[in-house]
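Below: one structure, written as structure tokens.
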Ligand SMILES: *Cc1c(COP(=O)(O)O)cnc(C)c1O
């Protein structure tokens, strides 16, 4: 691979801490009472880089089960974890079966059509698959009617090697929501028809709902990266594995009444000093942070003033000592001080959207 040389500090930086992802994964396992955990690495491991994240989890944390959304993600992942179990959440479609077989990938079968497609083509050697039952989210999975039909069809079941049955919670981020218990009861009832087959219900939030939700395999995503799936404080042992830092490009002084940025949406109400930082919406730092985002620098919170531009934001540094900050310095946009939770709260974006919205443009550093 060739790579053009340029100074490493000319871009904003996204640092991904693989050791923390490993620690977070282990913490997920212990929060799940020792239940085995799969790693949800769809969408390029929530934007954190599946090539780096998946082998780290496989080699250093003993993670053996991985889930991605589609077949393309699975085939890419196969190169990086040759011996892992890989599931595709979207299931199988006509023409896809040979790829699943060739790359030893397991489909999560979401309806009777997918089940029949998989059973027909593969009945002879019966490669492993998962069955997804919809217990109340009304998204993917067998509907209650299909579930009844499938449970009654032992001939069809005999054509399959069901390695896992699963369902997905709609409201795991709201522990008090009554749908959690409804889904738990629905899924528990289904599991009784599949004795001996491992069952899986809990995502990150589900792990925190308690032992009833853990079954045989949990499926954390967000919490592995340090996001908080619940309204309660982040559990001990879960730490931000992401860090975005932007660089100060320029400092400027404003008189009272002067404005900042496109649309002149922020006006200095006191003599002010601002710093221009080299991150904008083209990096995934969206305009939902206009006049409400926060950045952190040496223990100070520096609010975003004005609109987010394509390549820049402005932050108010009036309260810093003049000599404390200068061009070239790094300011935290996301990380230990500006957590996903905080960024989500001010912007109304979900933690998931913020994480997966991080663009390729950053210089990426893995540690
Ligand atoms: C994305 C996903 C998960 C992981 O959810 P988190 O809230 O990120 O832990 C688990 N199960 C399914 C089916 C998913 O689609």
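Cβ coordinates are placed from backbone N, Cα and C, and glycine is handled just like the others.
Per TrEMBL, these features apply:
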ACT_SITE  42  active site, proton acceptor
ACT_SITE  262  active site, proton acceptor
BINDING   139, 310  substrate binding site
DOMAIN    241-367  domain 'Alanine racemase C-terminal'
MOD_RES   42  N6-(pyridoxal phosphate)lysine
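Features as recorded by TrEMBL, highlighted on the structure.
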residue : record                       : DSSP (3 states)
42      : active site, proton acceptor : helix
139     : substrate binding site       : coil
262     : active site, proton acceptor : helix
310     : substrate binding site       : coil
For the domain 'Alanine racemase C-terminal' (241-367), the mean pLDDT of the predicted model: 96
Residues satisfying Cβ distance under 8 Å from residue 139 (substrate binding site), sequence separation of at least 6: 168, 170
Helix, strand and coil residues within the domain 'Alanine racemase C-terminal' (241-367) as assigned by DSSP: 26 helix, 46 strand, 55 coil
Pairwise Cα distance for residue 310 (substrate binding site)/residue 262 (active site, proton acceptor) [Å, integer]: 11
Spatial neighbours, same chain, of residue 262 (active site, proton acceptor) - Cβ under 8 Å, 6+ residues apart: 306, 307, 309
Other C-beta atoms that fall within 10 angstroms of the C-beta of residue 310 (substrate binding site): 10
